[in-house]
Amino acid sequence: MKAVSKQPYGAASSLTHRVALASQPRRQNLIALCALLPALVVFCAFWLLPFSRLIVMGAEADRSSGISAYLTILTHRQYLISLVTTVGISLVVSITAVAIAGIAGFFLARQRFFGKAVLVAILTFPLAFPGVVVGFLVIMLGGRQGALAQASLWLFGERWMFAYSLAGLFIGYLYFSIPRVITTVMAACDNLDQSLEEAARSLGANTWQVTKDVIIPGIAPALLSTGAICFATSMGAFGTAFTLGTRLSILPLNIYGEFTNYANFAMAAALSVVLGVITWIALSIARRLAGGNLGASA
Amino acid sequence: MSSSVSITLNQCSRTFAGGNTALQPLDLEVNAGETLVLLGPSGCGKTTTLRIISGLESPDNGGQVLFGERDVTALPIEKRDVGMVFQNYALFPNMSVADNIAYGLKIQRLPRGEITHRLDEVMRMVDLQGFGDRRIDALSGGQKQRVALARAIAVRPKVLLFDEPLAALDAKLRDRLRIEIGLLLRELGTTAVYVTHDQDEAMALGDRIAVMQAGRIAQLGTPQEIYHQPANAFVADFIGAVNCLEVISTRADGGLVVHGGELNAAHLQGASTVYCRPEDILVVPLDQADVSGKVVQSIFLGQTQRLLVDTGGATPLQIEAPSRQRWPEGTAIGLKLPSNVLFHPDTPATTINAKEMANG
């Protein structure tokens, strides 16, 4: 929700700011600059300097290939596969989470029943867990000694496992994505104008048509922004992946591996930059789409 | 346009969860082609009545809603063939003006040519030609309500329902749109139910008005009947301004002694209170006055002025006087209250309640 609401307000305030600056004397600009100085210093020291260092470092020669680490990512299968896998699983997780939790969130927002508050509290509880614990939970479910393995051993005489594969990662990511989507969708549904649905129904629209023409467009900004946040979280989730196994080839684990195991700083830096840029692009696209839609409903 | 249909409510009551009764068992008949206005303060049950007619709410068990001869009680709103206009416009923000208006036509799967034809027709009727491609957020409040109106009439509904459609607009626009809606309803001849708390709107639009109070119909009648023969003190007080004169005693010759003078009203014998409208009281020389008093305040209204005259009663009398004459505060003034403008509602006992309702 945060990402959605920020956009229009931000745009409006920067506009008034610009107008104000143009019509005020220079002294005021100076005061404004002084006021901004601490923020600028912090920005430079903790963001600009390390990040530019990271970008430059990524351009240095990779230890194994001998060419620029950025180029290595694009030319070496191992890194490309890791990149595609990470983006792919994040996308699938985001879409699945939005689909499942979108429906659940809408249901929870609209229905009143006994124990609803408790149910919502339980559903959003995973937000309190760090990634390591989520990974641990997945192992309890689908690991060597997990519930599924125990059940299949008893029934069919063999251990079924999924925890240490991409499937386990998918379940883990889904686990911490769903609560985010549910809370966002519930808030968005509360803000939906009920008379829009009543108007559509008065014109003859059935439940499906009301959902398609009124409800989904109405909560689309929320779905997009929460989906983008799920994507960003999944792209960078380290704890869960690390708990499930270091053999998984995904970006956060690669960065960790290059950095600590091979001391290949150039590659670690390049992978970090790529991860950051992809996530940032996803977030800004979603923010723009959501912002545009929000403007229409205001 | 379409053959109009009557609406009948039989014993429709509505009790909400928690035992809160919004509507007492109600019988109501809206004639085919008629515009009925439901008028009352907030919480009087007018919106609930409208929603029961629309199908958005169901009456409690035993209640019955008929469109013509057809029992529609069990039908949801989407099957009732109604057009509805909301206070907050309820336009679809993700669609253009034309898509909003054509929405119901597309739901009905009308052929493309027919949709275009009807779209042109209704956009002309509400004076929105050339606005088809506009975004909803690029429209003013008045234009938005025209779009909502066009969207509701485009499907040629059996019944048109209005839920305080002008309440969100400023006064001037409200007056203009009110006139246009009135003309449109006359032209269409569709049965319409119009909810409002604004008495001017009710007077201007209603063939008949149902004044509602605390979940009941206090009076049902033409605007003239409601205004000139209010059924009780609540109606008298809610519609327009009204003076309430306490009768101190009755003379042998039939004169009613009130604060500041005596009234000649043979038809009101035995009444403890007598009512009259501010505009029916005449200012006359003191020696010809029925009642006299002192001007407490004059409020200039433009075309008239409202004088508050203290005659010794609990509240000053309100009088509508010509606006060019001046009555400074403290001036002694003579008033004539012709007997034909004095009235007495049937249930004067509810006066205090009615005042409280109107104020709250």
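Including glycine, each Cβ sits where the backbone N, Cα and C put it.
Pulled from TrEMBL:
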TRANSMEM  A:30-49  transmembrane segment
TRANSMEM  A:79-108  transmembrane segment
DOMAIN    A:83-286  domain 'ABC transmembrane type-1'
TRANSMEM  A:117-141  transmembrane segment
TRANSMEM  A:161-178  transmembrane segment
TRANSMEM  A:222-242  transmembrane segment
TRANSMEM  A:262-283  transmembrane segment
Contact count check, CB pairs under 8 angstroms to the transmembrane segment (A:79-108), set A:161-178, A:222-242, A:262-283; argmax is A:222-242
For the transmembrane segment (A:262-283), the candidate among A:117-141, A:161-178, A:222-242 having the most Cβ pairs under 8 Å is A:222-242
Tertiary contacts of the transmembrane segment (A:161-178), defined by C-beta under 8 angstroms and 6+ residue spacing from its ends, are 85, 89-90, 92-94, 96-97, 100-101, 104, 123, 126-127, 129, 131, 134-135, 137-139, 141-144, 146, 148-149, 230, 233-234, 237, 240-241, 244-245, 247-248, 250
Other same-chain positions with a Cβ less than 8 Å from the transmembrane segment (A:117-141) and lying at least 6 residues past its termini are 104, 108, 147-148, 163, 168, 171-172, 175-176, 178-180, 182-183, 186, 237-244
